[in-house]
Amino acid sequence: MKNINPTQTKAWKALETHFAANKDRQLSELFAADPARFDKFSTTYKDNILVDYSKNLITDETLDLLIDLAHEVDLRSAIDAMFNGEKINHTEGRAVLHTALRNRSNRPVMVDGKDVMPEVNAVLAKIKAFCDSVISGEWKGYTGKAIQHVVNIGIGGSDLGPVMITEALRPFKNHLQMHFVSNVDGTHIAETLKNVDPETTLFLVASKTFTTQETMTNALSARDWFVNIAGDQAHVAKHFAALSTNTKAVAEFGIDTANMFEFWDWVGGRYSSWSAIGMPIALSLGFENFEALLEGAFEMDTHFATTSYEQNIPVLLALIGLWYNNFYEAESEAILPYDQYMHRFAAYFQQGNMESNGKYVDRNGNKVDYQTGPIIWGEPGTNGQHAFYQLMHQGTKLIPCDFLAPAITHNPIGDHHPKLLANFFAQTEALAFGKSKEAVEAEFLAAGKTLEQVKDLVPFKVFEGNRPTNSILFKQMTPQTLGALIAMYEHKIFVQGIIWNIFSFDQWGVELGKQLANKILPELNSDAAVTSHDSSTNGLINTWKAWKA
């Protein structure tokens, strides 16, 4: 990959000039000037996902210049490098091949001269056999009962993805009851264990190294709870499986290594749901639906790798997002799914985006002098409308938003879905076009008020509009559709990282806090006052010691 400061490119400088000339243009003006704007600035993917980006503060020239930027930083070679297994995770010396995990074409993918696909397919076959055994009831616990509950113990990428996907695809779930434990706060494991029966519970311990502090603390507590009731350490083998690569530690824990499911160092945590980390997904939905999830992502991978930038959905979304982040100085993006099943979707891509592109050092090791990754947040509609949309409509911050919704619901109860979609359609219209002072006054006049009576109220009811949004309407939530949506956002994040000239696949920012926590933990086991830190940290620790006594 080339190391190019984007702000020094011809395209960036042209974008600065273009922005200065167009920053005050109104969406209402752009739509009025071009009746075909929706047709021009929307695209349908596989007759299943409509991406409408017409309500953005862009023109043909804006997109042309943004695409010029993608060419000038040589995005094409970066895409090829990722798919071809080059070690683009430079700081860790690793390839980045979550795409190989869902490579349904079985095209050879080489890492260090070796095709990884035979191993990928072998692990998938092992996952399928395990899932089929558990789901069918063939797998028995220590008292001969079939498994009814599955507890996934992981954190970060070993938790967020499986939680989000199993929730988003709940209409496809089977009889197994899924539980997820991530927080090292003992409350999380304690409350979960209240709801399961050791005779019918399978624990999945998801940690590549089998040393992750939070995960192993929870796993050891779960094992102690289980052995205390089951009465025999040997029974652990029938109730625990590992998603890991540390054979020695897995065996020492008491797990049969035949029930250890491996993945590779070229799988990043936040991209690992396609690997053995996706075991709870396959257990909850059945392996066939897990395969459909992979298929959907693979099809989006193919679209991303082969489609011209002008029609390439992840590239277009990335470029439009960069336009706001780096030129309009927007600090955040909201992801707003109008689908209750997708209630963890924004949280999942909060990690996916902020852990990937929350970097202030470029690929040359220099501090950047431009903005990189945005803050990602969001909640499902319509809940968010009664929480934070006030600021989106009338606040002082520009917040580009992605609105997502299924055309067809899995729960056709009365007129719930038409009401949900009425809000989905209304919000992007309201954000784009607002309500003028004249329109507010006309409403009051129509209600029999005089302008003199309402003059003090009018300013508060004006909506400026010109708030940009993408609308992503899909036919119905299915495993294949969700796979495509996840891959779409993954590739959007990748494209932005390439243009910003940062490494998107490491996460050194999580290390310092962990190191300090490991230093502080022994200090908490002593009653002596702590003086080795700054006055604030010393004061916090010593107050805790006094209060817990």
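Glycine is no exception: its Cβ is also placed from the backbone N, Cα and C atoms.
Take the CB of Glu355 (active site, proton donor) and look out to 10 A: across all protein chains shown you find 22 other CB atoms. Taken from Swiss-Prot, the feature active site, proton donor applies to Glu355.
If you look up Swiss-Prot, you'll see His386 (among others) marked as active site. Cβ environment of His386 (active site): no same-chain residue six or more positions apart lies under 8 Å away. A helical conformation is recorded for His386 (active site) in the three-state DSSP classification.
Lys514 (active site) carries a helical DSSP state (H, G or I). All protein chains included, Lys514 (active site) registers 12 other Cβ atoms within 10 Å of its own Cβ. Annotation source Swiss-Prot lists active site at Lys514 (among others), citing sequence analysis.
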Between Lys514 (active site) and Glu355 (active site, proton donor): CA-CA distance (Å): 15
